[in-house]
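Q: Submitted below is the structure of interest, expressed as structure tokens.
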Amino acid sequence: MELTGKKIVLGLSGGVACYKAAELCRGLTKEGASVQVVMTDAATHFITPVTMQALSGKSVFTDQWDPRVPNNMAHIDVTRDADAIVIAPCSADFIRKLAHGACDDLLSTLCVARPRHVPLLAAPAMNVEMWTNPATQRNVQQLREDGIHILGPAAGAQACGEVGMGRMLEPADMLEEIVAAFQPKVMAGKRILITAGPTFEPIDPVRGITNLSSGKMGYAVARAAREAGAEVTLISGPTALATPHGVHRVDVQTAQQMMDAVNQAITGQHVFIAVAAVADWRVANPSTQKVKKTEGGTPHIAFEQNPDILATIAARTTLAGHPYCVGFAAESENLLEYGAAKRERKGIPLLVGNIGHHTFGQDDNTIVLFDEQGHTILPRADKLTLARQLISEISKRINKHSLFQ
Ligand code: C5P
């Protein structure tokens, strides 16, 4: 329940993507938000207010002259206790209206009448030619300058049959963006590189050695970093997880591939967070053909050591203090003792300790932060909550470093 207690005005302007607004409305209410839907006349041609009323549990406003509000000023009343206004879909024409402060229907009027502290988020949805039209781009630029958050659009196949930029973001991505809008932007302007998931070390083309890491913690850290305003690159071993919206993901299998991908991406990164459960050893000579079962015999597998990605990057920390390196330790016992020792051994300022069988594959976790001052326990919570706390702790530490800026 990421939006408990939040009041969201969901405005629909005309476009085929109105069908996605129905799913978004459902998602918002499932996350605990109270949603007041407002539709333009054009939007009601694509989806009925009845559907939106059923999904939001509130009757929908479509008319500037709606007498239901006691003072007959829906454009004022609807926004006064709102936490955010989301226009989805936001048509080319509605973008034009926002850019010029038009007040010729209820939705445009309430946008102009909203208190300055209420964020306005707009999700453009239109044909590719309409989106790339210089007039639309001029208007979008004006919206950005006015502090309106533009969500998407995405590229792909369009309802009209053409292909290109202009699709409205998918409802799940919209939801992530709306949740993110409420998070403090403590990492604005920072670039953060994260490793996540297990690695997979091949024995032969069909077998390999891996571990129980699900990638959930690393992906939560990537999402939290993006929510905090960072530009995030996620280098991931094999997982079944969806990429957090707005995160650049690079897929790898082996520890060596992860090392190579990190080396490629590390220049210019302010923070490196190694969450991946990297295999310590790899098979020295993986077979190019499937190893056959032989009567009574077992294969002998020789191992060689993998590079320690975190220690390698930590050894390269510049005078300016970056990348600021953060490591994870999954122990099965003596966490406090082993965690503190591992932080020193890896040569990093901050290490996050957890108990392996309490975290692998779980949605919740308890973590301990080790730094030069000692340790701090972050009590059991879901991984996204812990990831947000961790990002906040990292931001406090890097902001103390005067050379870091
Ligand atoms: O030494 P250990 O594997 O316990 O250290 C865990 C930390 O080091 C994690 O942050 C992990 O991502 C990182 N690590 C790494 N490369 C390795 C082994 C661990 O980056 N080869």
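Yeah, the Cβs are placed from backbone N, Cα and C, and that goes for glycine too.
TrEMBL: automatically predicted annotations, no manual curation.
These came from TrEMBL, pasted as-is:
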REGION    1-191  region 'Phosphopantothenoylcysteine decarboxylase'
ACT_SITE  Cys160  active site, proton donor
DOMAIN    187-396  domain 'DNA/pantothenate metabolism flavoprotein C-terminal'
REGION    192-405  region 'Phosphopantothenate--cysteine ligase'
BINDING   Asp280, Lys290, Pro307, Asp308, Ile309, Leu310, Phe328, Lys342, Lys346  CTP binding site
Q: What's the CA to CA span in angstrom from Lys346 (CTP binding site) over to the residue listed as 'active site, proton donor'?
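A: Per the Cα atoms, Lys346 (CTP binding site) and the residue listed as 'active site, proton donor' stand 55 Å apart.
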Q: Widest Cα span across the CTP binders Asp280, Lys290, Pro307, Asp308, Ile309, Leu310, Phe328, Lys342, Lys346, in Å?
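A: Looking at Asp280, Lys290, Pro307, Asp308, Ile309, Leu310, Phe328, Lys342, Lys346 as a set, their Cα atoms extend up to 38 Å apart.
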Q: If H, G and I count as helix, E and B as strand, and all else as coil, what does DSSP give for Phe328 (CTP binding site)?
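A: The residue in question, Phe328 (CTP binding site), is strand (DSSP, three-state).
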Q: Could you check the recorded positions Cys160, Ile309 and say which one's CB has the fewest neighbouring CB atoms inside 10 Å?
A: Cys160
Q: Across the whole of the region 'Phosphopantothenoylcysteine decarboxylase' (1-191), what does the mean pLDDT come to? Round it, please.
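A: The answer is 96, the mean pLDDT of the model over that range.
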Q: Below 8 Å Cβ to Cβ and six or more residues apart, same chain only. Which residues does that give for Phe328 (CTP binding site)?
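A: Sequence-distant Cβ neighbours: Met217, Ala274, Val275, Leu351, Val352, Gly353, Asn354.
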Q: Whole-number Å only: compute the distance from the Cα of Pro307 (CTP binding site) to the Cα of Cys160 (active site, proton donor).
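A: Given the Cα positions, Pro307 (CTP binding site) is 51 Å from Cys160 (active site, proton donor).
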Q: For Asp280 (CTP binding site), which residues in the same chain are close in space, meaning a Cβ under 8 Å from its Cβ, but six or more apart along the sequence?
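A: Non-local contacts for Asp280 (CTP binding site): Gln305, Asn306.
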